[in-house]
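Colleague: Okay, these came from TrEMBL:
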type: DOMAIN; residues: 108-226; note: domain 'PLAT'
type: DOMAIN; residues: 255-372; note: domain 'PLAT'
Amino acid sequence: MVMVFYGSNGKSNPVSMENKVEHQTENQITYDIHLSSDLGMLYKVRLGLQSLENNKSQLSLRHFKIQNTSTLDTFSLTINKTLPFSPNGDRWIEFPIQWPLKEALSVVTYHLTVFSRNILNERNLLHMTACMYGTHGDTGDRSLLQSLQNVQQGEKNESFLVIMDAVDLGELEKIVLLIGSKTDCKLEIKKLHVQEAAKRHPIYVFEVNEEFSVNANKPKIQREIPGSFVIRGEQQKNDIDNNLNKEGSQVKKLTEYTIKVYTGDKRGAGTDANVHIILFGNEDKSEVFQLTHSLDHQNPFERGKVDTFKIKTKNLGNLRSIEIGHDGKGFASGWFLEKVEITDAARNSLHCFNCNRSVDQSIITLYMLFSF
């Protein structure tokens with residue numbers, strides 16, 4: 001069993017329930033948990049099974065109680081649920097923490113619809129998870145192919161529904177997909193729709209439009225999908241549907257940018273802070289992208305390393321400048337940035353932005369050095 005704690009200052013790494021306290025009664029286990037950093041005011045807990053070794057791997061939860069040993073603030077909740085919920089179902093449960101005089105977030109049932117082309121025929125060989133991120137945190141990795149509902153399969157198009165419960169995420173910002181396979185295969189994902197089960201709107205749309213090739217050289221693929229647009233009413237949905245059937249649709253195809261970030265090779269050059277970037281073109285600017293999941297290294301922005309990120313956003317025109325910075329969190333957050341190279345897939349062009357200095361402030365602006 002593992003837990004992830006979320007607070008106003010961030011979230012913990014998965015905490016394995018190993019440090020049992022000696023005094024425990026039947027059907028009750030007490031653990032001492034020491035978090036590596038101050039998370040601030042805790043507002044939710046994600047609890048689950050790290051793996052299912054066999055079909056008998058289950059966890060029956062009756063009651064949960066947590067106490068801050070410094071302040072003695074205490075929260076308790078009756079759960080009465082068993083994980084996983086079905087033979088191959090979700091292994092995680094989330095619940096908000098409600099402290100005295102503090103309003104708690106609510107638990108929301110989310111409907112995530114996957115529009116694809118050939119996933120359903122390959123699903124027994126695939127492993128796919130999605131982690132949804134919002135202004136109130138994330139869901140952690142949740143399986144997309146365990147318990148499918150509303151399956152619709154045609155010759156070239158298919159869709160299926162995934163249901164997950166999570167503490168209210170707020171405004172959705174991005175989805176991180178992780179795709180793995182037991183054998184070589186290709187699968188195409190067109191888009192993802194997310195909405196609350198109890199509401200018709202808003203519908204968060206994440207355009208993907210990408211074919212993924214999984215093979216021995218690339219057994220796992222991770223992709224960060226930013227939000228494309230939000231449908232906030234029935235009329236807007238009808239307008240979008242009509243535009244999709246017309247040439248010159250207002251819902252434009254997204255452009256993919258490959259971002260290579262070069263960290264300097266000198267003492268103290270790396271950072272553990274959260275790095276973000278904004279791209280500026282002669283036609284538009286992108287939203288803020290968090291550079292979290294490097295395609296090269298598990299821990300990005302280490303000394304002398306190059307980290308690659310792929311993002312998709314609206315067509316920005318010719319790139320002119322970028323803003324890049326970090327939140328200053330973590331030990332020794334100062335960062336020596338050598339340069340950033342960005343490849344525009346639509347124009348097959350490479351843009352270089354030199355820096356060669358420490359990034360100790362929240363954000364800096366870099367202008368294009370050369371392009372070809």
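Note that Cβ sites are derived from N, Cα and C of the backbone, with glycine treated the same way.
Owing to the predicted nature of the structure, the values given are computational and were not obtained by experimental measurement.
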Colleague: I'm checking region-level scores; what's the whole-number mean pLDDT for the domain 'PLAT' (108-226)?
Modeller: 89
Colleague: In the domain 'PLAT' (255-372), how many residues does DSSP assign to helix, to strand and to coil?
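Modeller: Taking the domain 'PLAT' (255-372) as a whole: 0 helix, 63 strand, 55 coil.
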Colleague: Of the residues in the domain 'PLAT' (108-226), how many are helix, strand and coil by DSSP?
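Modeller: Breakdown, helix to coil: 4 helix, 78 strand, 37 coil.
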